[in-house]
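Enquirer: One structure is given below, represented as structure tokens, and several questions about it will come after.
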Amino acid sequence: MFNATTGTFNATLYNNTDLCTLDTCPLDWAQVDYIPSLAGNLIYVAIFGLALLLQIGLGVYYKTWTYLIAMVGGLVGEIIGYIGRVQMHYNPFPQNPFLEYLVCLTIAPAFLSAAVYLCFSRIVIVYGGRISRFRPKTYTYLFIAGDFIALLLQAAGGGIAASATGSTQQTGINIMIAGVSWQVFSLAAFAALCTDFALRVRRARSLDLNPQYDALRASRSFKLFLWSLGIATLTIFVRSVFRCAELSGGFDGSLANDEITFMVLEGAMISIAVICLTAFHPGLIWKGEWRELARSMRTRKDGKDYQGGALMSASDTDRESGYQMR
């Protein structure tokens with residue numbers, strides 16, 4: 001059918017590929033130079049869909065509201081993105097499914113990294129605020145703000161790149177690269193501060209540790225939780241580096257049109273991160289402590305005010321400060 005069409009009809013389809021089908025247009029006119037795998041993309045839809053249900057159930061039960069919001073944002077984005085790729089399996093030419101895939105899968109991991117940052121600020125309190133270089137909530141504000149910047153850049157760039165052509169499309173791609181690069185930088189800085197905190201914990205005296213959470217720190221489940229956060233951070237970082245390289249080559253580049261590499265370095269990496277963040281959900285590990293730790297940050301009782309193996313009251317802290325001034 002395609003070979004029998006007239007030049008005018010070809011020009012019409014070429015200028016508006018939303019009208020194309022696999023029967024009427026060549027594959028190299030499509031949004032990607034391959035037909036996305038139906039089975040592979042449905043597997044990812046199922047993984048993220050199941051994780052979403054579990055996250056909602058666990059989040060409501062344990063009242064880990066901020067963590068729930070971050071995870072739901074990331075998982076909904078992943079689901080929409082892979083549904084877009086499923087639609088592209090049946091017809092890779094229309095722009096809307098490509099836009100769903102491009103924008104949603106680009107921004108979704110920013111929400112997942114936000115969930116990791118929320119956990120780390122509470123980990124600081126569990127070990128003891130006086131060990132940390134910064135106050136616990138400083139980590140949250142700093143990295144959530146960085147995540148928000150990355151999110152805006154990626155969303156804006158994705159929208160421009162997917163709906164434009166020529167130099168305008170390249171501008172959108174460059175904005176997306178800036179957003180993903182900022183996310184890579186934020187994750188690298190986060191990993192550096194985590195390493196710094198871990199070294200400070202190793203050097204800390206027993207009196208420097210927060211005695212309220214001795215049992216939690218000693219538990220096997222808490223140690224596994226720390227490993228799961230490390231793995232999630234690493235896999236999100238690997239995925240972000242891949243997306244930088246992919247976008248740098250443009251939509252016509254080899255990486256942007258290599259489905260196997262995409263399914264491994266995008267889909268598999270984020271799946272591992274989501275499995276870690278769900279299987280070792282902070283509600284399962286910390287029970288009701290998540291809310292208590294949140295209150296600690298709001299009331300500035302972040303684990304700095306303890307001495308001699310017991311938490312100090314506000315009046316004790318003021319009294320100690322008064323003695324020191326004398």
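Using the three backbone atoms N, Cα and C, a Cβ is placed for every residue, glycine included.
Feature list, courtesy of TrEMBL:
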TRANSMEM  42-62  transmembrane segment
TRANSMEM  67-86  transmembrane segment
TRANSMEM  98-120  transmembrane segment
TRANSMEM  141-163  transmembrane segment
TRANSMEM  175-199  transmembrane segment
TRANSMEM  224-242  transmembrane segment
TRANSMEM  262-286  transmembrane segment
REGION    302-326  region 'Disordered'
COMPBIAS  316-326  compositional bias 'Basic and acidic residues'
Enquirer: When you check the transmembrane segment (262-286) against the transmembrane segment (67-86), do you get at least 3 Cβ pairs under 8 Å, counting only pairs 6 or more apart in sequence?
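Expert: Answer yes: the transmembrane segment (262-286) meets the transmembrane segment (67-86) with 3 or more Cβ pairs below 8 Å.
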Enquirer: Which residues, given as numbers and ranges, are at least 6 beyond the ends of the transmembrane segment (141-163) yet have a Cβ under 8 Å from it?
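Expert: Counting only partners 6 or more residues beyond its ends, the transmembrane segment (141-163) has Cβ contacts under 8 Å with 95, 98-99, 102-103, 106-107, 110-111, 113-114, 117-118, 134, 169-180, 182-183, 185-186, 189-190, 251.
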Enquirer: May I ask for the residues of the chain that lie six or more residues beyond the transmembrane segment (224-242) and have a Cβ under 8 Å from a Cβ within it?
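Expert: Long-range Cβ neighbours of the transmembrane segment (224-242): 109, 112-113, 116, 119-120, 123, 180, 183-184, 187-188, 190-191, 194, 255, 261, 265-266, 269-270, 272-273, 276-277, 279-280, 282, 285.
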Enquirer: Sequence-remote contacts (6 or more beyond its ends) of the transmembrane segment (67-86), Cβ cut-off under 8 Å?
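Expert: Residues 36, 38, 41-42, 44-45, 48-49, 51-52, 55-56, 58-60, 96-105, 107-112, 114-115, 118-119, 267, 270, 274, 277-278, 281-283, 290.
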Enquirer: Six or more residues out from either end of the transmembrane segment (175-199), which same-chain residues have a Cβ under 8 Å from its Cβ atoms?
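Expert: Tertiary neighbours of the transmembrane segment (175-199) are 106, 109-110, 113, 116-117, 120, 124, 127, 131-134, 139, 143, 146-147, 149-158, 160-161, 230, 233, 236-237, 240-241, 243-244, 247-248.
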